[in-house]
Amino acid sequence: MVSKKSVKRGLITGLIGISIYSLGMHPAQAAPSPHTPVSSDPSYKAETSVTYDPNIKSDQYGLYSKAFTGTGKVNETKEKAEKKSPAKAPYSIKSVIGSDDRTRVTNTTAYPYRAIVHISSSIGSCTGWMIGPKTVATAGHCIYDTSSGSFAGTATVSPGRNGTSYPYGSVKSTRYFIPSGWRSGNTNYDYGAIELSEPIGNTVGYFGYSYTTSSLVGTTVTISGYPGDKTAGTQWQHSGPIAISETYKLQYAMDTYGGQSGSPVFEQSSSRTNCSGPCSLAVHTNGVYGGSSYNRGTRITKEVFDNLTNWKNSAQ
């Protein structure tokens with residue numbers, strides 16, 4: 001039998017609990033994901049889910065977005081060589097490790113090199129890579145300046161640029177995308193995308209990209225882009241194995257330099273057959289820092305994969 005005192009104490013305890021709750025002690029809400037998309041376009045509404053079209057494949061190892069070669073039709077223009085300082089990376093840009101083993105890409109009209117783009121904006125000079133007809137993947141610091149808290153002005157994007165030669169001309173940016181985590185300068189979220197004014201990807205093609213939770217140590221990859229220590233607008237590459245495979249970063253000893261930020265870290269002949277061609281595993285972001293002897297790129301995680309896919313889809 002329950003005593004009257006016990007009932008009374010229970011009622012008082014309940015009333016106190018209700019009073020405290022009503023004074024603002026509400027259940028804690030989950031913090032927004034640092035991968036939540038942010039755009040330079042105020043009208044942009046971030047997707048809360050992702051749609052995988054038939055070009056997205058999956059297997060027991062992960063997800064894959066298929067590559068596309070494009071038509072390759074050249075529309076060459078000659079322009080004055082532009083010299084602009086590389087965009088400031090969050091850490092060291094002096095990323096040549098030992099001897100410089102980069103080699104110049106002399107035929108930038110060959111796929112996939114024509115799908116690698118030179119980016120020039122108010123932030124500086126960078127590299128990017130096509131992931132769809134109108135979408136370029138790049139580093140977050142190439143399009144959003146954390147020191148000023150602002151996006152870059154309109155960028156000029158030149159696929160397959162080769163010095164003063166622009167085999168496919170140049171196109172302008174229309175808007176930018178980054179994850180919210182990059183606004184605070186957290187390098188785990190140093191990635192983004194550029195939407196273009198024209199579907200140049202139909203001509204130059206675009207890269208596949210993939211997500212996997214498996215270790216990528218030993219995987220042979222290539223980094224190709226537009227370094228600031230070489231003749232302006234020339235593309236250079238270096239291949240080698242991934243040395244360290246982390247949750248958010250991949251580390252490697254391939255030589256890079258400022259201006260190559262945003263370059264694809266990709267498998268040339270992908271063992272990931274669902275990519276159907278060159279397959280990017282990360283976005284190159286920075287050089288040696290923090291006691292490591294390796295350069296680094298932001299790894300394509302499930303969240304990065306979904307953001308790139310949504311940004312690509314929103315441009316079509």
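Quick reminder: no glycine exception, Cβ is built from N, Cα and C everywhere.
Residues annotated as signal peptide in Swiss-Prot, with sequence analysis given as evidence: 1-30.
C142 (disulfide bond) falls within a helix when secondary structure is assigned with DSSP. As annotated by Swiss-Prot, disulfide bond applies to C126-C142 (among others).
Summarising the environment of H141 (active site, charge relay system), the number of other Cβ atoms within 10 Å of its Cβ, over all protein chains shown, is 27. The active site, charge relay system annotation in Swiss-Prot covers H141 (among others).
Positions annotated as active site, charge relay system by Swiss-Prot: S261 (among others). For the recorded site, S261 (active site, charge relay system), the DSSP three-state label reads coil.
Reduced to three states, the DSSP call for C279 (disulfide bond) is strand. Annotation comment: Swiss-Prot describes C275-C279 (among others) as disulfide bond.
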Margin query: Within 10 Å of C142 (disulfide bond) (Cα to Cα), which of the recorded positions S261, C275, C279 do you find?
Written below: S261
Notebook entry, point to check: Which entry in the list of disulfide-bonded residues, C126, C142, C275, C279, has its Cβ near the fewest other Cβ atoms, using 10 Å as the limit?
Noted result: C275
Next item on the list: Quick one: of the recorded positions C126, H141, C275, which has its CA closest to the CA of S261 (active site, charge relay system)?
Entry: C126
Note to self: Return only the integer: C-alpha distance in Å from C279 (disulfide bond) to C126 (disulfide bond).
What the structure shows: 20
